[in-house]
Structure formats: structure tokens, C-alpha cells
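The signal peptide annotation in Swiss-Prot covers 1-16 and is backed by sequence analysis. Sequence annotations record features per position, and here Swiss-Prot assigns N-linked glycosylation site to 76, 87, 266, 469, 505, 548, 628 based on sequence analysis. Per Swiss-Prot, coiled coil is recorded for 169-215, and the stated evidence type is sequence analysis. For 577-597, the entry in Swiss-Prot reads transmembrane segment.
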């Protein structure tokens, strides 16, 4: 082996990849109840400032219509006898280019103009949906009265700048109000978007050279081509700007960072007290507002096909909040049985002065906008006072826990079975909260490194595993778990540790954990608060059962487990277990009654009717009859209908007892039997 190769080999061994250089293990007290992972600093959006940019793209169409007329005029000019007699060599070329390119391109731009309009939601009081722009010889825009430099709408801090008339200003003000309920400030940015170069001097120069027929036609053709190229570019840029606005992106045609900085600087004096811009007012910060989509963009279409782009710049409160992810830490005993406090929300925001706190939705970090430093979120409906906090997760964070007797009252303590190895991802990348019920070996496996020397032994308990200075993609493996380490170009999060409360000790409030009997259920490996609610049992219910000596064994435990399964199933439908059991009982009783009724109808139909008829006949026989008045009736004898006749034809009957005639075809209908 050469000396150079030996030196390289020694250097490689000296810089060998070691797991201890990459993996950091930070033990945490396993009795603390919660781990509070810092997410970021947060501020609430209190209001919105609207910048309104009006684009009158009808001006472009006017230029296109005028160019169309000039092209037709030049085509007629080349076909005139005077021009033909001049015998210009470019005559055929000009006529061919007009027919094959110029006119077709103009018609295509007309179609593109209407396509841009069709993309945008029209105003209810604007043009009809089926109205289209067409080339004609008249001015497509009716003359409109322009308003002055200032035209106040509402209060002085809501005036609009620009060249629109009063009707448009009022309509835009109402439109901005409906697009965001927090709207209080509106400013229109002067329209400088559609700048069409004027060729008046060039046209006048051409008219002076009109006597030179061949030179005039060539120069006129070059001017038309240049104008068409410019209009084509304007339509392309405007189409991209509309598409970007519909996708909530700001196109440079609408607003550049420099222009946004100037407009925000001009209206800063009108920003309400205690509100400020989401970023410090510097030119370098304007890119963050535009590129990170902090500024929202809308586009609308007004009457006469005018387009307005509305930019919403949030105004934030000066109060800052620290956002934490609340992760429950199970306190485990024997046989995988653990107690855990289920938090009321996944995220908590605490003001920097600790006086207020808020509860955030589970998707708050994704729903909020991220600036270079802070999260921007819309304020929730309720902002709580810290001194009046009653729930366990916020009291532990604020060090408000006073006694262990209140744990059962203020905390949603649950008991369940957990996996012996739990690794819960935090901070997105290369950070895990671990809960281990036994000593565990963690092996680092990298593609170009030996795993024999990359073994980390972690004692049973709770802590944080953090990957630092990860220069390659590796895997951390135990006997049952695998964690992926990612190589990051930069740190997406500034990780900071929060000192946990040392005064709170969950084990002091759960001295009877080993005595609690729980139902046999699947082990938990997820520490999400919503998952824990359905996969564990309440401590208060277990203690009531234990105090009532309701400890079940064997078959009783299986029956209880079946009830628990039913309650767990209906719990997914947000139905109380008692209500569901009552409904099931009513359905069962109804089915039993229906079954008995069907058996009666099949086996002994008419039994009840016969019994009722007998009772009624006996009652009637005991009542004295009127001799001078008889009445016919029908009775059932031996399951057949019989006619009861006490006389006939209204004549007086000499029989004191009724006569019975059987309605039977086999008998002689003239035979009458007495009822003795």
C-alpha cells in the first residue's frame, strides 16, 4: 500500500461516522404529564388593507380595432389602380402577409380578449354573460365622466385614489366589503398597467411620404406589424396576470415589490392604532409578502369589461403569542398499563405576558401564513384569561397546578395499554418524543457506514431523540420500529426546549394505578389526543367501578368487553351509549310483538272475536225485549255468519224468542230454527 493511500485511510478512520455525533438523546421526567413542543411565535390578523388596481383592457381593444381598420385600408390601397400601376415589387408580399398572418392574428387576439373576460366572475349589475367584444368601426366604449383626484367614500380613512367615477368607487367599496368581513381600509392604486406606445409621430411621417407609393406601403406594413406585436404581448401578460390572480399569486404586471413598498409607505399613516403591517416596512421584506402568498389576490370584472385586481395585505395585532404542540406523556406501570392525560386541544397559544391563551385547531400551523419570523393566524372566537384557566393542559404549562386532588376533577385522565416502544414525531423532521417501557437498543443504519459501532442504548423512560448535523440519509431501527433521518439543507425550525414543570407529578395522583382493572384492548402507539379519547378508559369510571367492588373476571369481563365494543362503535357516530341501547331495546320489543302477532294470525285466527261475540250475546239475552219492535242483526255461530230474525215485514210477531236462520247453502233456506 502506498503512503498516500495509507494516509487517506487513516484520515477516513479518524473522521468515521459515529452515531453519537449525529443523535442526541435528552431524557425527560416521565411523570410530567405533557411535553410542550414550541412551534413558533404567532400574531393574529385583526384587519385587512385592500389595494385595488383597475385595468381598463378596453383600451387595448380600441387599439386592436383601430389596427384592424388600418390593415383593411392598406389592403384596399394595394389593390387600387394607382398602386397597381406603380408596379411595386412588394405588392404581392404585402397582400399575402395581410391575408395569411395579420388579419388572422387580429381575429385571434379578439378571441383572446373574450377568453380573458370569460375566466373572471362578472359583476351582477355588469354586462350580460353572453355579450362579446367584436370588431367594428364604432368606439366600443361609451364616454364616461371621470371623477376628481379625491372622491371620499365613507370616512376619510377609506377614500380611494384613481381615475374611476363615483359609481365604480362605490361598487368596489361594496365588493371589497363582501370579499372580507374585516375590511375597513381601501386604497386604489393608479392604473399604469396598460401603456400602449403611441405611434402618432410615425404615422404623421408616413402620411408625408404618401406620394412614394411603394415606400409608403412597405413602411405602413412594418408599423402594423410592430403594433400587432405590442398588442399580442399585452394580451399575453394580462392573461398570465389573470391566471395568477385566480391562483392567489401576484403577477409582476399587477404589483412589483418596489411598487408594493411605495404604496404601503404612502398609507402607513392611516393604519389604525395598535395595528401594524405583517413584516417590517422594508424593501427586502416585500418579497416575503409576495412570494409566500401572505398578500391575497382577487380579480373581478365590472361593467364595460373593466378588470379590478384586489390585493389584501393583513394588518396584525401587536400582541405576540407562543404556540406549543401539546403531547401527552403516558405514565406506565406493569403489563403495559399506562395512565395518560388527554389534552383538550392539540395546540395552545400563550401570550408573551402570560395573561391570555387561546386554543387552536389541529390544522392551525398549515392554515396560518408563515412570514420570515412569525405565524399569521386569524383570531379564534374565544381568547381565554390565564388566571381563570381550569383545564389541566394549560394549568401545567402556566405552572398553575396547586394540589393533586384536583387532577381527577380538572384533567381528563385515561388508562389504557400502550406499546412498549413509542416514537412520536415532533418538529417535522429528525425529532421524536420516545416513551419506552424497557431498555432499548437503537441502531443507526447508513448506506456507507458500518452499523456495528452505531448502536445507542436508551434507558426505559421518556425523552427526546434529536438528529443534528445529518449529512446523509440514515435509518434508526429497533426490533419493531424504524425512524428515517433526513438530510436537510437548512433548519426549517429553530428548536428550543421548554422547562417542564417539576412540581407536577402525575404518579402522586395515580397511586392506585396497579390496582385498576381495565378491559383487554389493543395496544396504543399513537399519542394524538383524538385517538386517545377512543382507545382508553376514563380513570374516574375505573375508580367508581373499583369502589363499588365491581371487579369482573372471566365471563363477566367478556360480557363487559362486548358492551364496551358497542359503546365504542356508536361513539364514532357521536351518539350516547345509553341512547343507542334504548333504541336497540325498543326495536327488539317491536320485533317480538310483531312475531307474536304473526303466530296468532297463523295458528288461531278469530279466537278473540268469537270470545267477544259470546260475551256480548250473553249480555243481550239478559235484557228484556220489546214485544212490538223487532230488529234484524247478524251473529257468528260455529265460525259462520247467521241472520237473527225476530219477525218480518213490520208485522207483530207472536214469537217471544228470536229465530235463527243459518246462512248455509246446504240447508233449506225455508227451515227456521228456534233459539230455545
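Backbone N, Cα and C define each Cβ position, glycine as well.
Structure with Swiss-Prot features highlighted.
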residue: 76; record: N-linked glycosylation site; contacts (Cβ under 8 Å, 6+ apart): none
residue: 87; record: N-linked glycosylation site; contacts (Cβ under 8 Å, 6+ apart): none
residue: 266; record: N-linked glycosylation site; contacts (Cβ under 8 Å, 6+ apart): none
residue: 469; record: N-linked glycosylation site; contacts (Cβ under 8 Å, 6+ apart): 21, 22
